[in-house]
Each structure stands twice: as C-alpha cells, then as structure tokens.
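Features reported for this protein in TrEMBL:
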ACT_SITE  CYS324  active site, thioimidate intermediate
ACT_SITE  ARG425  active site, proton acceptor
BINDING   ASP267, ALA268, ALA269, GLY317, GLN318, GLY319  NAD(+) binding site
BINDING   GLY319, GLY321, CYS324  K(+) binding site
DOMAIN    101-162  domain 'CBS'
DOMAIN    168-228  domain 'CBS'
Amino acid sequence: MKNRPKDDFFAHLEDEGIGVTFGDVQLKTKYSTVRPPDVSLVSRFSRRVPLKVPFVSAAMDTVTEYPMAIAMAKAGGIGIIHRAMSPKEQARHVTRVKRYMNPFIPDPICVFETDTVESVLRMKEEKEYDFDTFLVLNAHGKLSGVLTSRNFKHCLENEVYLTVGTVMARDDLVTAHPDTSFEEAFQLMRKCPGDGIGLLPLVDESGMVAGLYTWKDIKRRKSSETEAYNTDTDGRLIVGAAIGIGDAGLAQAELLVLEDVDVLVIDAAHGDTETIVDMVRVVKKEFPDVDVVAGNISEADAVIRLIQAGVDGIKVGQGGGSICTTRTVAGIGCPQVSAVALCERAIRYTHKDIPVCSDGGVTESGHAAIALAAGASSVMMGRIFAGANEAPGDIIIYPDGQRFKRYDGMGSQSAMERSSAARERYGGNGSGKTVPEGVEAIVPCQGPVANVISRFIGGVRSSMGYLGAETISAFQMRAEFRRVTEAGRREASPHDVTVIPFSPISK
Ligand code: XMP
C-alpha cells in the first residue's frame with residue numbers, strides 16, 4: 001500500500017483523540033505547472049459508476065427527484081433519487097432519467113384508431129405520461145398513423161369524443177426497418193425535416209411496431225454539449241437510487257434494476273450494523289451486475305465489514321450535514337475530514353479499489369476540495385443543491401422579496417411524519433426510536449443547478465492548480481494538510497469589510 005502525505009497527519013491527530021473538519025484544516029500549496037482549466041475532474045462514485053465531475057446530489061426528498069438527477073448527470077455528476085416515495089414511483093423517476101437521452105424507445109405507447117381522444121387523454125393523465133405523441137394502430141394491431149399534440153390541442157377544445165382514427169396524422173408517415181441504428185435514424189430524419197419526421201417508427205415486414213426514434217432526443221444526443229454529460233455505455237444519463245432494508249428494500253431494488261438504475265445506495269443513518277451489512281450481502285448476491293454503495297459510516301474499522309459484504313462504494317459522514325442534529329442528539333460521530341481521511345486509508349489497507357463518497361457538511365467549494373484531497377472520490381451535498389431550480393418544492397417568497405426553498409433533514413420531525421423511509425433511516429429501523437435527528441430549514445434560491453456546480457468546479461480546479469495536480473488521484477497524492485487556529489479561520493474568510501450581498505461567497 002502506497003502511503004500518502006496526509007496519512008500521518010490524520011493518524012497522528014486520531015492517536016491524540018482529535019478529529020478535524022472543514023474549518024479546521026487547509027491545504028498546503030505546492031510548486032505548480034498546472035493551470036486550473038487543464039485539470040481533469042474525472043472520478044467515480046463507485047467501482048463501476050463514473051463521474052465527469054465529483055459531485056453527487058443527496059438522496060433527500062427536498063433535493064433529488066428526476067429533474068435534479070437529470071441536471072446533475074448533465075453537469076457530469078450524479079443524483080441519487082430519494083426513497084421517501086413508493087418504490088413504483090421511485091422507479092418511474094429512474095426511468096425518466098434513463099429515457100432523457102435515449103432516442104430509441106423499444107416499446108412505444110400505442111393507441112387504437114377506435115379509441116376516443118377523451119380516453120387517450122384520460123390514460124395520459126392516469127399514467128402520468130409527460131409526452132403527447134402516440135403511435136396509432138388499426139384493428140389488426142398494425143401501424144396506421146400518429147396522434148400528436150396538435151391533434152390533442154385541436155380536440156381539447158370541443159371534440160374529445162372523436163375517435164383517434166379521425167383526427168390522427170396519417171399522410172407523410174415515414175417508417176424504417178426494425179434494425180435501424182441510431183446513425184441511420186439520424187440520417188433518415190435529418191433528410192426530411194418537419195413535423196412528420198419528428199418521429200421515426202420502426203415497423204417489421206408485417207406492419208407491426210418494433211420501436212420508435214424521436215427527433216427531439218436524437219438532436220439532443222447529437223449536440224456537442226452532451227460531451228460533458230455523465231452517461232452509461234448506451235449514452236443514457238447515469239442515475240442512482242436509495243433503497244431501504246429487508247424484503248421491502250430488495251423488492252424495491254428489483255424494480256430499480258429493471259429500469260436500469262446504475263447504482264443502488266443502501267441508505268442508513270448508521271451503516272455499520274448487522275442489518276446493513278447483511279443487506280449489502282443480499283443485494284450484491286441478487287444483483288451482482290449493479291454497483292451497491294452503502295453507508296453512512298465514520299469509523300475506519302467499519303469499512304472492513306462493508307467491503308467483506310461486497311460493497312462497490314462507501315459513503316462516509318455521520319451527523320455533519322447542515323440539517324443534522326444526530327451529533328447533538330446522540331453525541332456520536334467524527335468530524336468529517338478526519339472521517340474521510342481515516343476511512344479512505346483503511347480501504348487502501350485492504351488493497352480494494354472502493355471509492356469513498358464524502359457525505360455532508362460542505363458549504364463552500366473549498367470544503368469539497370478538502371474532502372477530495374483527504375481521500376474522497378466524490379462529494380455528496382444536500383444544502384448546496386436544495387435551493388436550485390431543479391430541487392423539488394415550491395419557492396417561498398418572504399415579504400421582503402427574498403426567495404427560499406424548503407430543505408428538511410430526513411430525520412426531522414416533518415420528514416419522518418411524511419415518509420416511512422425517513423422513519424426507517426432515522427427512526428432506528430423500527431426500534432421505536434422517535435427523537436428527531438434533523439431540522440426543517442429553508443435555503444436561498446440558487447437558480448439552475450448547473451450554475452451551482454460550475455462554482456464548485458471552479459473552486460476545485462483552482463485548488464488542484466494551487467497543488468499542481470492534474471487529476472484527482474494526483475491531488476490526493478500531493479495533498480498536505482495544516483491545522484488552522486481560530487485566528488487563521490477568521491483570516492480565511494472576508495473580514496473587516498462589508499461584503500456586497502449576492503456574490504457567491506455570501507450565499
Ligand atoms: P448537507 O450538509 O450537504 O448534508 O446538507 C446532506 C447529508 O446530510 C445527511 N442527512 C441527515 N443527517 N439527520 C442527520 O443526522 C438528518 O435529518 C439528515 N438528513 C440528511 C445525509 O447523509 C445527506 O446526504
């Protein structure tokens with residue numbers, strides 16, 4: 001095992017019984033030939049789940065549903081869909097992320113010529129479809145036309161009783177054979193711009209529908225901005241989902257795996273328990289091809305048990321989150337930077353290639369840089385993303401015009417009241433523990449998550465430039481830490497000036 005300069009620093013502090021966190025330490029600068037724009041932020045969330053930028057949005061019901069997960073993956077990171085909803089609903093969120101970039105739909109939703117527009121509209125509402133275009137089949141089940149939003153709009157006003165067959169578009173319907181590749185579909189659809197070729201149904205020799213390409217999705221996939229997206233080998237956005245424990249957790253995992261979720265996150269307040277270690281073992285046995293990340297832990301010896309159970313990634317952080325009260329309520333936990341550094345070193349001692357995700361406590365990009373330098377491969381954040389447009393929940397406007405969004409700890413009273421998953425995570429696995437371990441809060445609105453992430457990308461790049469590191473692993477190899485005093489901490493933030501509001505640092 002190769003030692004890193006930081007190992008002795010944290011081991012020495014640990015021997016003294018001292019744990020340190022973000023405000024306690026800073027990185028030493030090094031001779032550098034590296035310019036921040038030239039560094040690579042490529043990393044991993046788990047053994048086989050890549051990241052183009054090392055940021056992860058937390059599995060919390062005020063942070064990550066499909067809009068956040070899509071935005072996170074588009075920015076190069078990953079979102080973990082929370083589990084404070086029914087497993088079916090959670091699986092639908094995963095589907096929406098996986099479908100976002102997928103121009104090929106193997107089983108498009110079809111309606112019959114004899115259906116009324118009204119019945120199609122009802123089905124759309126019941127099934128919560130977010131699209132308005134359906135392929136239309138005749139009585140023999142063969143493709144006969146397309147029902148588009150134009151037909152809907154027309155009928156919405158006065159003619160919903162008409163049958164689909166009378167209102168659908170049937171003229172310029174272009175089709176292709178079932179083996180049409182993405183590239184062939186692109187060429188075909190590009191040749192015929194216009195409404196009719198917004199869709200390319202694939203049809204076999206007998207006229208049966210065998211799939212569908214949509215121009216909107218093909219265009220999206222072809223655009224150069226997608227180079228920054230975090231995608232799987234099929235070009236779909238990468239997404240994770242949190243799961244619970246026991247048979248229910250396993251059934252939930254099965255639904256998620258069916259939707260091609262990239263990583264399952266076993267999500268517990270205390271990850272070093274028999275229940276969680278057993279759950280990792282069972283989930284890995286059932287779904288060996290899907291990565292499993294488990295946590296949360298903050299002690300080095302806990303990594304051994306999770307690794308023996310087969311984890312592909314470990315989430316480190318207990319009680320350091322902005323909305324957490326676990327440490328005050330239960331008096332447990334380890335300051336975050338020490339927890340990350342010691343757990344990462346323990347993993348290296350096992351000679352296993354298991355990435356650490358540092359979860360909680362980050363409020364500035366410099367904190368993310370410190371977590372990465374201490375050994376994390378990724379940084380999970382809740383508070384930082386909760387004010388973004390893509391986070392769930394309405395905007396709360398205060399009388400003075402300030403705009404906020406709700407951000408609740410999953411162990412807060414209200415989160416536990418609205419979700420059994422939160423009760424399971426913080427309510428002691430059904431042991432009847434009912435003391436809240438989190439608070440309900442609000443955070444300022446932040447605009448699109450892409451803007452939030454770009455601030456963090458800029459900060460981490462800058463940090464890597466100061467240390468002369470071109471990659472995250474070089475960053476970790478070069479990182480040396482120094483403890484700061486109270487005066488040093490004061491000096492490190494703006495002081496003796498009045499900061500103009502709304503600059504990034506004041507948020
Ligand atoms: P930040 O600091 O990014 O932390 O807001 C997000 C992480 O906090 C954890 N979390 C909780 N921990 N009580 C806790 O002790 C809670 O109510 C709670 N809710 C979330 C979680 O790990 C999340 O990713």
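Here the Cβ of each residue, glycine as well, is placed from N, Cα and C on the backbone.
Candidate recorded positions: ASP267, GLN318, GLY319, GLY321, CYS324, ARG425. Those with a Cβ under 6 Å from ligand 1, in sequence order, are GLY319, GLY321, CYS324. In the three-state DSSP reading, ASP267 (NAD(+) binding site) counts as strand. Residues GLY319, GLY321, CYS324 make up the record's K(+) site, and a Cβ search at 8 Å around their centroid adds GLY317, GLN318, GLY320, SER322, ILE323, THR325, THR326, ARG327, GLY333, GLY360, GLY361, GLY409, GLU437, GLY438 from the same chain. Our reading of the NAD(+) binding annotation (ASP267, ALA268, ALA269, GLY317, GLN318, GLY319) yields a largest Cα to Cα distance of 14 angstrom. Other residues of the same chain near the NAD(+) site, with their Cβ within 8 Å of the Cβ centroid of ASP267, ALA268, ALA269, GLY317, GLN318, GLY319, are HIS270, GLY271, GLY295, ASN296, ILE297, LYS315, THR326, ASP359, GLY360, ARG425. DSSP assigns GLY319 (NAD(+) binding site) to coil, not to a helix or a strand. When secondary structure is read from DSSP and collapsed to three states, CYS324 (active site, thioimidate intermediate) falls in the strand class.
Take the Cα of ARG425 (active site, proton acceptor) and measure to each of the binding-site residues ALA269, GLY317, GLN318, GLY321: the nearest one is ALA269.
A count of other CB atoms within 10 A of each Cβ picks out GLY317 as the most crowded of the binding-site residues ALA269, GLY317, GLY319. Taking Cβ-Cβ distances under 8 Å and a sequence separation of 6 or more, the neighbours of ASP267 (NAD(+) binding site) in its chain are ALA59, ARG83, ALA242, ILE243, GLY244, GLY295, ARG425. Geometry remark: GLY321 (K(+) binding site) versus ALA268 (NAD(+) binding site), CA distance 14 Å.
Listed binding-site residues near the residue listed as 'active site, thioimidate intermediate': GLN318 (candidates ALA268, GLY317, GLN318; Cα-Cα distance within 10 Å). Remark: secondary structure over the domain 'CBS' (168-228) totals 27 helix, 13 strand, 21 coil, with classes taken from DSSP.
In sequence order, ALA269, HIS270, ASN296, ILE297, SER298, THR326, ARG327, ILE332, GLY333, CYS334, ALA339 constitute the residues six or more apart from GLN318 (NAD(+) binding site) in its chain with CB-CB distances below 8 Å.
Summarised by DSSP class, the composition of the domain 'CBS' (101-162) is 20 helix, 15 strand, 27 coil.
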